[in-house]
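Enquirer: Before I ask anything, here is the structure I am working with.
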Amino acid sequence: MALLCYNRGCGQRFDPETNSDDACTYHPGVPVFHDALKGWSCCKRRTTDFSDFLSIVGCTKGRHNSEKPPEPVKPEVKTTEKKELSELKPKFQEHIIQAPKPVEAIKRPSPDEPMTNLELKISASLKQALDKLKLSSGNEENKKEEDSDEIKIGTSCKNGGCSKTYQGPQSLEEVCVYHSGVPIFHEGMKYWSCCRRKTSDFNTFLAQEGCTTGKHMWTKKDAGKKVVPCRHDWHQTGGEVTISVYAKNSLPELSQVVANSTLLNVHIVFEGEKEFHQNVKLWGVIDVKRSYVTMTATKIEITMRKAEPMQWASLELPAAKTEEKQKEETTE
């Protein structure tokens, strides 16, 4: 029976009887994410593309490992006896205070409202970085391996969550099981936007089986600019919600962020030839006129002013049950 290898960067299935000391190629280090760059602590290679990060070949040989790494242990909280707790409680007189009347919730506007371009604020660091790139771009041109139509043996599939490698023409006929969404890292949790199976352990996240079937993508042949995923997260205060997209050297003249009260469409062009797209059906209602975008050399921050001061349960509004059923019927 084939077992799944849990060594970082491997994810292959293996036969325990044929397992040898050099059967597995893996990363002994840990994943490192810094300023939109992704890599392994044991290797020097860095990339901004998450699918390229997943396809970085391991730097160490060893035996396959079938033992699943344990989930992070939560600290045990010990409580004292009820008597001791009651003695520690401060003694005071009760005063009943009438709570203020709740603020009437704003009625959710129609998603068909016209979209408005959010104001772009460009930082000095981004202006300096773009000026340097313009000076150097006229002297250097790098040829990439992806420009070639030839697929080399051992090339990793570029689909998210797929760990298969190209072994010859027969690989073109294989069914690819992958994640059609993008990776999301938020408040210590890691998951794919397409299936939302959340985990706090990075190895478990990498080992999650895909939720979509299709054909392997051995090369990226996007004409012109390439649409790529970007690491992004969000946070909120009482009056604002902020989305951070970690894309370096974004181009203000080619980028656009539009929104209405309940929808947000993000289109960012960065590093000359890469594009990031994201459409968000917002959980709450925003004030478009008081919302704006700040573009720096390392990231883009979308600051949205809340129409009412309330805590958002999530960034995106969950799909209605009728919409989910329609999606399931179309996928089947």
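Cβ atoms are placed via backbone N, Cα and C, with glycine included.
Found this in Swiss-Prot, in case it helps:
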type     : residues                   : note
MOD_RES  : Ala2                       : N-acetylalanine
BINDING  : Cys5, Cys10, Cys24, His64  : Zn(2+) 1 binding site
BINDING  : His27, Cys42, Cys43, Cys59 : Zn(2+) 2 binding site
MOD_RES  : Thr47                      : phosphothreonine
MOD_RES  : Ser51                      : phosphoserine
REGION   : 62-82                      : region 'Disordered'
COMPBIAS : 64-82                      : compositional bias 'Basic and acidic residues'
DOMAIN   : 157-216                    : domain 'CHORD 2'
DOMAIN   : 227-316                    : domain 'CS'
Enquirer: Starting from the Cβ centroid of Cys5, Cys10, Cys24, His64, the recorded Zn(2+) 1 site, name every other residue in that chain with its Cβ within 8 Å, sequence order please.
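Expert: Here the non-site neighbours turn out to be Tyr6, Asn7, Gly11, Gln12, Phe14, Ala23, Thr25, Tyr26, Gly62, Arg63, Asn65.
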Enquirer: Can you give me the residues near the recorded Zn(2+) 2 site, meaning same chain, not His27, Cys42, Cys43, Cys59 themselves, Cβ no more than 8 Å from the center of the site's Cβ atoms?
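Expert: Result: Gly9, Pro28, Gly29, Trp40, Ser41, Ile56, Gly58, Thr60.
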Enquirer: Taking Cα atoms as reference points, rank the recorded positions Ala2, Cys24, Thr47, Ser51 by distance from Cys59 (Zn(2+) 2 binding site) and give the first.
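Expert: With Cα distances computed to Cys59 (Zn(2+) 2 binding site), the winner among Ala2, Cys24, Thr47, Ser51 is Cys24.
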Enquirer: Could you say whether, by DSSP, Ser51 (phosphoserine) belongs to a helix, a strand or a coil region?
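Expert: DSSP assigns Ser51 (phosphoserine) to helix.
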Enquirer: Starting from Cys42 (Zn(2+) 2 binding site), work out which of the recorded positions listed here (Cys5, Cys10, Cys24, Ser51) have their Cα within 10 Å, and give them in sequence order.
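Expert: For Cys42 (Zn(2+) 2 binding site), the recorded positions whose Cα atoms are within 10 Å come to none.
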Enquirer: Please classify the secondary structure at Cys24 (Zn(2+) 1 binding site) using three-state DSSP.
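Expert: The residue in question, Cys24 (Zn(2+) 1 binding site), is strand (DSSP, three-state).
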Enquirer: If you measure C-alpha to C-alpha, which of Ala2, His27, Thr47, Ser51 (recorded positions) come within 10 angstroms of Cys10 (Zn(2+) 1 binding site)?
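Expert: Near Cys10 (Zn(2+) 1 binding site), where near means Cα within 10 Å, the recorded positions are His27.
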Enquirer: Would you identify which of the modified residues Thr47, Ser51 has the most other C-beta atoms lying within 10 angstroms of its C-beta?
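Expert: Top count of Cβ atoms within 10 Å goes to Ser51.
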Enquirer: Considering the recorded positions Ala2, Cys43, which residue's Cβ sits among the greatest number of other Cβ atoms within 10 Å?
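Expert: Within the set of recorded positions, the most crowded position is Cys43.
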Enquirer: Determine, to the nearest whole angstrom, how far the Cα atom of Ala2 (N-acetylalanine) is from the Cα atom of the residue listed as 'phosphothreonine'.
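Expert: Cα-Cα, rounded: 32 Å.
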Enquirer: For Thr47 (phosphothreonine) and Cys24 (Zn(2+) 1 binding site), what Cα-Cα distance in Å is obtained after rounding to a whole number?
Expert: 23
